[in-house]
Amino acid sequence: MAVYNYDVVVLGSGPAGEGAAMNAAKAGRKVAMVDSRRQVGGNCTHLGTIPSKALRHSVRQIMQFNTNPMFRAIGEPRWFSFPDVLKSAEKVISKQVASRTGYYARNRVDVFFGTGSFADEQTVEVVCPNGVVEKLVAKHIIIATGSRPYRPADIDFHHPRVYDSDTILSLSHTPRKLIVYGAGVIGCEYASIFSGLGVLVELVDNRGQLLSFLDSEISQALSYHFSNNNITVRHNEEYERVEGLDNGVVLHLKSGKKIKADALLWCNGRTGNTDRLGLENIGIKVNSRGQIEVDQAYRTSVPNIYGAGDVIGWPSLASAAHDQGRSAAGSIVDNGSWRFVDDVPTGIYTIPEISSIGKNEQELTQAKVPYEVGKAFFKSMARAQIAGEPQGMLKILFHRETLEILGVHCFGYQASEIVHIGQAIMNQPGEQNNLKYFVNTTFNYPTMAEAYRVAAYDGLNRLF
């Protein structure tokens, strides 16, 4: 058994692990990275964020070709299979792996492929694919092993018609009808993707409203758009059992209803990848979801061991995970890079997409904050008309008296890009966070960013 000594060992090469390893390496620390897959990138690159967003992009292109009258001069609408669309995602994954492999090499981060587990508080044993065991001894260890779909024990996920958000990427056919169980972010995104391919989608929601953490107007807009695009949403429903058939699946609900489809996609909950880490050897406990508790410095109950990303829970976003990993390493190297990551924009890649940051109307009303609303509807925006993307709106919530921006909510074309302008102004100190910035600043024309100016004028016109 070979023994290696490091300043920092990072478990997991997803966004959190990458952020941690790069920050520690650039601070001059000797760093090792351990990943159970034989390629870097983690679930984000191989099973989650990257493939699903690449799929979404391809599906949007197909939808534009099939619905834009201009393209009828080229040919009639075309049908594309899910495996065909998946090929574009596979190319993106390969490019991402190559890029990230280069990052680790340039920054002298040693990468070990294999299953890592704790022997003690400073030792990680890595069982490599060839059976060889490597021992890594480190002053500090960062757990960034991510999460995986939660699988109830009473559902047979080995059945060829039952999938979760990881295994759906191995789907070898295009179902005519698909049940998506769980209407969280992942469920809504995949419902959009399959609907765009012409699949009839039954979206089963445990709650009474889609994505209830969103501003209610944005949530309602998504529901309306789903209803117009072959997605049937069933609220306040829970599964009783899943019956696998030779040619499909039947979902039995506790309400007594039954839904039959060609396949079932389970998108209800995730659990932290902690069960194979040997945490019992170092006294770290996990919650019912397999997640690790950390403090604001991202330190666990063991002083030299840190956690970041999905494995610690909220907000379980790739963007936040990278910053959490970087901050965890910042707590170790003390280079001024630590911050508690809480100003996180939400990006939901449905079709159309959604993004928001700050408070929503429900929260401001409950807190009795005197706010006003400014809106810009994309159907009136020149850039949206040019792009053929008239659906959606930008909504700014601001304080009636100080004009401080309290929240930005966007539904539609380029929403996840547009939100960052509002985020930048919201993060300005004191009076610099002001709605008037948008009416006193010249925007390129025509752009989607111009929606901020339109929404600001709309909001100011409401004041008296």
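In case you wondered, yes, glycine gets a Cβ from its N, Cα and C as well.
Some features that Swiss-Prot has for this protein:
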type	residues	note
BINDING	ASP35, SER36, ARG37, ARG38, GLN39, VAL40, GLY41, GLY42, ASN43, CYS44	FAD binding site
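Taking the features listed in Swiss-Prot, we show where each one sits on the structure.
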residue : record           : CB count, 10 Å
ASP35   : FAD binding site : 24
ARG37   : FAD binding site : 17
GLN39   : FAD binding site : 18
GLY41   : FAD binding site : 24
ASN43   : FAD binding site : 27
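According to its DSSP assignment, GLN39 (FAD binding site) is coil.
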